[in-house]
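Report on the structure given below.
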Amino acid sequence: MANESQNNNTKSKCVSIALRRYGHSLGVAFSMPITYSGKTGFHEEAISLTPALVVFDLDGTLLDTHADLVESLNLTIAALDLAPVTYADLTHLVGHGAKVMIERACALRGHPLSETELPPLLERFIAHYTDTMPGHTQPYPGLMAAMDTLKIKGYKLAVCTNKLESLTLTLLRKLDLTGYFDAITGGDTFPVRKPNAQHLTGTIERAGGTLARSIMIGDSLNDIAVARNANVPSIAVPFGYSDVPVETLRPDRIILHYDELTPELVETVIRDFARSNAVAASR
């Protein structure tokens with residue numbers, strides 16, 4: 001029995017070293033320590049052959065876009081002689097796409113829009129916002145290093161935003177970021193948008209991911225709600241445009257800086273979420 005145990009330990013160490021050395025080139029993601037059983041071989045839960053997928057919201061999560069959004073929005077509503085909005089107002093305006101943002105800004109300034117007023121205002125906003133891209137927009141501190149590490153380790157990345165798809169693609173292209181992502185979807189990519197689960201599940205499908213190996217990162221209610229609706233774990237960031245403290249949204253984890261977004265954290269959140277679901281299902 002002692003010899004069998006020693007042999008199994010030796011096998012476990014050898015295979016562990018080999019997989020850790022070559023596994024990433026095979027797309028292997030490690031979700032927990034590798035174990036070996038002399039009777040049954042490797043435990044099925046020891047290794048996941050499906051790379052994990054990290055899905056990001058855009059505005060207030062991936063990118064700090066507030067200065068350019070406020071500038072283009074104020075130029076837009078100036079056509080109605082409305083007073084400009086401020087950065088403080090932005091948290092109550094963003095999250096549902098450009099149309100809703102314009103409608104909310106006008107309502108905030110005491111001018112509810114008619115159906116005929118919105119289309120030309122939307123065109124005005126899109127034209128100015130696109131022409132001035134990328135403007136002052138930039139990734140949040142630590143994001144690039146975190147994404148580089150995740151990609152090197154074999155993880156998939158995607159964007160799921162309520163921003164118009166055309167604006168999203170143009171902005172990411174001008175920032176030279178499109179190559180990081182396996183899928184990029186906007187608020188008009190599907191018939192529905194966040195917090196409808198199909199927006200996130202459709203993004204995951206396009207990226208070649210699975211629900212069991214995906215995680216959503218966002219800054220607002222729509223992001224945490226879409227993750228919950230799709231039965232996917234969520235990570236919230238507090239530096240975005242939420243109009244309430246992100247802890248009140250009940251995400252599975254909160255990170256204060258992208259330095260915290262490591263492969264180990266992703267695997268921990270996914271594993272803990274799966275265990276929580278299993279416990280709930282057994283009750």
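For all residues, glycine too, the Cβ spot is worked out from N, Cα and C.
Values in this document were obtained by computation on a predicted structure and should not be read as measured data.
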From D176, D182, D188, D219, the one annotated by TrEMBL with D57, D59 for Mg(2+): D219
Distance [Cα-Cα, Å, rounded] between D57 (active site, nucleophile) and D219 (Mg(2+) binding site): 8
